[in-house]
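Annotation comment: TrEMBL describes 480-502 as compositional bias 'Acidic residues'. Feature annotation from TrEMBL assigns disulfide bond to C51-C54, C395-C398. Under the heading domain 'Thioredoxin', TrEMBL lists 7-132, 344-473. Marked as region 'Disordered' by TrEMBL: 467-509. Positions annotated as signal peptide by TrEMBL: 1-16.
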Amino acid sequence: MLKFVLLCALAVASRAEIPEEEDVLVLKKSNFDEALQAHPNLMVEFYAPWCGHCKALAPEYAKAAGMLKADSSDIRLAKVDATEETELAQEFGVRGYPTIKFFKGGEKQSPKEYSAGRQADDIVSWLKKRTGPPASMLTELTQAESLIADSEVTVIGFFKNVESDGAKAFLKAAEAVDDIPFGITSEDAIFSKFEVSKDGVVLFKKFDEGQNTFDGEVSKENLLSFIKANQLPLVIEFTEQTAPKIFGGDIKSHILMFVPKADSDFQDKLGQFKKAAEGFKGKILFIYIDSDLDDNQRILEFFGLKKDECPAIRLITLEDEMTKYKPDTEEITAENIISFCTRFTEGKLKPHLMSQDIPEDWDKNPVKVLVGKNFEDIVFNPTKNVFVEFYAPWCGHCKQLAPIWDKLGEKYKDSDSIIVAKMDSTANEVEAVKVHSFPTLKFFPAGDDRKVIDYNGERTLEGFTKFLESGGTDGGAPAGEEDEDDDLADLDDQQEDDDESDGEGHDEL
């Protein structure tokens, strides 16, 4: 008996050793497995201390942890400093900050990636959905009213027989949606309160028209399409909080209006934008961005825009390859926007590729300067082997590479067959190359077949030299085969301190 008591005491003491900060468990490699065993439902944030988005998330993450603890929930929130616990970060494929994963049942394999909203309510709602039934059984009117009141969007299934085929299809749809609470009811009082006379599904929301009633054959696929089309506002502002909903949604075609919210005609522009949006619900997501905010300047730069060029409209598809489109007219009217979107949906638009003007001294220095307008002529010259760095001016890794790249250019400046070049990919785009991270290094060997080889070797003068002298075989790979060992910088936040870079990484777009 004494031995059993001692073992229990040791187990309790061992669990107590996991430190907490504001109700959030602080994990390291040494206590990670222990935490998984102690807490069968565990959400873990992998963060970097310098990451701006991680800092913004911290108070909401702690608030969510406190909410769950106050409810005596068995769900716990934890965090890992991925810059210190590099083995854990590598084990769980952390490629950006913050990365949030949910571990269920103490299992380390295949945790669920969290990509929903970053408010405390979003986090708690998602976790409860993941750990409870797909839809709450609503037997009292107050339960239905509370469910609707507590969330921005709620879906309720009204079925006289909760064992019917329609109800089963509804529950399957509920299982497939992580970030919206679902309820199901057969109670007459709830039917009556919400003026539902027959079996059906209603989406309640705190914006636009307030609610949408499903009209069609009840199936999982049809319900998911209905929810996708109605769960976001007709027009949504891009902010830190809405970004996960925008990028994590199923609608991958986005039209963006860059506009200063402080302008006197902002409401008029927004009204025109909303009017145009009505005909493309569920097909194109309409987003507006305050072009005056400092936090949004990187987005303007990505689209080749400056503050003084706004208001402006752009359209982008977020499929495997991002493609941008620009309207023919700068005048923002509902009619012009509708015409632009219609031509897009009919496949009649040509992609918009940004390009700076060709500098007069583009070939003055050993490293040649490429822009969109001279790219094709230089890199696909059949008599030249061209090695190009695609960079971003703000990228810390690119800044570290710059002196080495200059030395490489100096080494081959008198070569008749080799050209070393660079291109600012934040201001120039080309159809032949899609750049997803910085720096990206690509080799275009001489010949007529327009071959492209990715450089995946060491970023040293010696490594580059071996690569060029081997004709692109030593350190190269066919274009499109990414090196999984690359230390990709955060997807969500750019590295803020260049000194923390190891020189061998990438900064993401």
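Including glycine, each Cβ sits where the backbone N, Cα and C put it.
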Could you put numbers on the helix, strand and coil content of the domain 'Thioredoxin' (7-132), residue by residue per DSSP?
57 helix, 27 strand, 42 coil
Round to the nearest Å and give the CA-to-CA distance linking C395 (disulfide bond) with C51 (disulfide bond).
15
Quick one: mean pLDDT on the domain 'Thioredoxin' (344-473)?
93
What number of additional C-beta atoms lies within 10 angstroms of the C-beta atom of C395 (disulfide bond)?
25
C398 (disulfide bond) versus C51 (disulfide bond) - Cα distance in angstrom:
19
How many helix, strand and coil residues does the domain 'Thioredoxin' (344-473) contain under DSSP?
35 helix, 29 strand, 66 coil
